[in-house]
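Feature list (source: Swiss-Prot):
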type    : residues              : note
DOMAIN  : 8-290                 : domain 'tr-type G'
BINDING : 17-24, 88-92, 142-145 : GTP binding site
Amino acid sequence: MARTTPIERYRNIGISAHIDAGKTTTTERVLFYTGVSHKIGEVHDGAATMDWMEQEQERGITITSAATTAFWSGMGKQFQPHRINIIDTPGHVDFTIEVERSMRVLDGAVMVYCAVGGVQPQSETVWRQANKYKVPRIAFVNKMDRTGANFLRCVEHIKTRLKGNPVPLQLNIGSEENFKGVIDLVKMKAINWSEADQGVSFDYEDVPAELLEKAQEMRMTLVEAAAEASEDLMEKYLGGEELTEEEIKKALRQRVLNNEIILVTCGSAFKNKGVQAMLDAVVDYLPAPTDVAAIDGLKLDGETKDERHASDDEPFAALAFKIATDPFVGNLTFFRVYSGVVNSGDSVLNSVKEKRERFGRIVQMHANKREEIKEVRAGDIAAAIGLKDVTTGDTLCDEKAPIILERMEFPEPVISIAVEPKTKADQEKMGLALGRLAQEDPSFRVWTDEESGQTIIAGMGELHLDIIVDRMRREFKVEANVGKPQVAYRETIRNTVKDIEGKHAKQSGGRGQYGHVVIDMYPLEEGKAYEFVNDIKGGVIPGEFIPGVDKGIREQLKSGPLAGYPVMDLGVRLHFGSYHDVDSSELAFKIAASMAFKAGFMKANPVLLEPIMKVEVETPEDYMGDVIGDLNRRRGLIEGMEDGPSGKIVRALVPLAEMFGYATALRSATQGRASYAMEFAKYHDAPTNVAQAVIEERKSK
């Protein structure tokens, strides 16, 4: 089967935003204008096409990033049909993992901001992730019809809060209830969308006289930004020549692809204005798969570099970026094809697990409707039904040309709770349900506490875990009791200790056991986790026993000597020891290493680390004192304050242990008028009194 849309006419984009900036409504309008869904779904009444899990409809927030395919030929039918694959991304901080995961497989992104709220805390997180994966982006300032809407303030926020380089592509005509349309600064025409057909048809009109001066000034900025793309254009521009519309667009596109500028558009998705022109900007300025650098990978040895270009002629390589459980067909594995072609029925290699997988059926998703297709090609995003052993971040590739595409990094959970099934019958179902959910979401972990025998679930925040428990009830019909949230503390050392000895010797008839190690232990910088350096000279410990030393230490890292919490940011150097020809074994060295580790750890100024959250509270000014006082009582460190759209914004760093139940406390302190967002910032030494209380509580169990 030949390719139906040339790969140059593909756009793989994410639409991403702060919660409530109107992203789902924006996506709905995109689907409506591209002719996919003929009735616009409103989030207000819980009928949006993209939000397909029951809970999302109830809470009105998007949880799973559904992938949808749509076609667009321009609002004036000025393009050949372009295939736009949209990945809807959640805006709530507890689901940042979903955003990270989708950023990994996008080529470009549309950042949706609220014209009233501007750039909010979650937008910064999403922005950082887009920077990390070098995703070119444009911005859409939504909700221009709302009281307090201000387009240019939002543009300013992109510069000051996100350190981006925004260049408006449009200027709004009126705002709040007088929002009429936009001025296209490239064409210097006003766009007026028809209300009769929900904005499908439109007219170009002259720029309103009262906005002409402002529009000309903004167009100059836009043309200057375009001229900076090349020396030839700059010469032409400085020589007083007009740049053609074609030249301006081409130059702006180049600068967006290089991540040098952010083009900003505006509108009101709810009022059917502006989304159409934003879609044109997606085609004009965001990259096709062929505009993006080849994707890097490694050969199966894990060391030799390899890469794949966006071409049907290269060997098949794809990345699984999401697993979803579907009530009718079981597991759906969403994947992005980077190169090559695969047909349903083909066998491929999961190179991360080194297992064969067979593509049974392949479906293209439209939110929660699916169309079965026979093949997928480079640039496509689709879902496979019936893959057995694929988890998020795995590579699927041609068996004859294996490659491992870079793995995604997933954050460690910061909060855990114990869950117990309400009845014996729920016990088995709960294990199955949690296993399924953990396969879908790598930032969610499940384990059994060895001491208490309880099942522990851990995730990125209270809301994250609420939703997991809720999904167990709805999708798997498992009723569970939930314990009190527990903080994920960590342990580390602050000093270096040298020549710590660990000796395990048992000689009591028959074959004995003998292992003897001498190690140094030292702190590592934050985020380095663990390193093991083998400095054995002259074979005082034979090579085959060295992995045993590493294993012994790794096992101890899972449960530190201080209070049994995982150990992080610590290095070990093995530099001396001894062995016995007959009695030494890997196990003996493993035991010796763990003895040395325990002894050394307690001498190296051990500390308990607690997770610190970045908290941002938006509050009316009247309650500012109460909010700050409360954050101080919670051991918060106030970082700064600034004006927000509806009062003041307070930024603080607060230990997670002090933030439980904060939502309720904030509501009652401000009569429900303040809101807050929080995300994990870092681990930090817990104060002595806190650390002692935590350690004593652990020991009393």
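Cβ coordinates come from backbone N, Cα and C, glycine included.
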Per DSSP, to which secondary structure element type does ALA17 (GTP binding site) belong, with helix, strand and coil as the options?
strand
Taking all residues of the domain 'tr-type G' (8-290) together, what is their mean pLDDT?
84
Check each residue in the chain of MET144 (GTP binding site) that is at least six apart in sequence and keep those whose C-beta is under 8 Å from its C-beta; list them in sequence order.
ALA115, PHE151, ASN172, SER175, PHE179, CYS266, GLY267, SER268, LYS273, GLY274
For a quick check of packing: other C-beta atoms within 10 Å of the C-beta of ALA17 (GTP binding site), how many?
29
Specify the count of other C-beta atoms within 10 Å of the C-beta of LYS23 (GTP binding site).
30
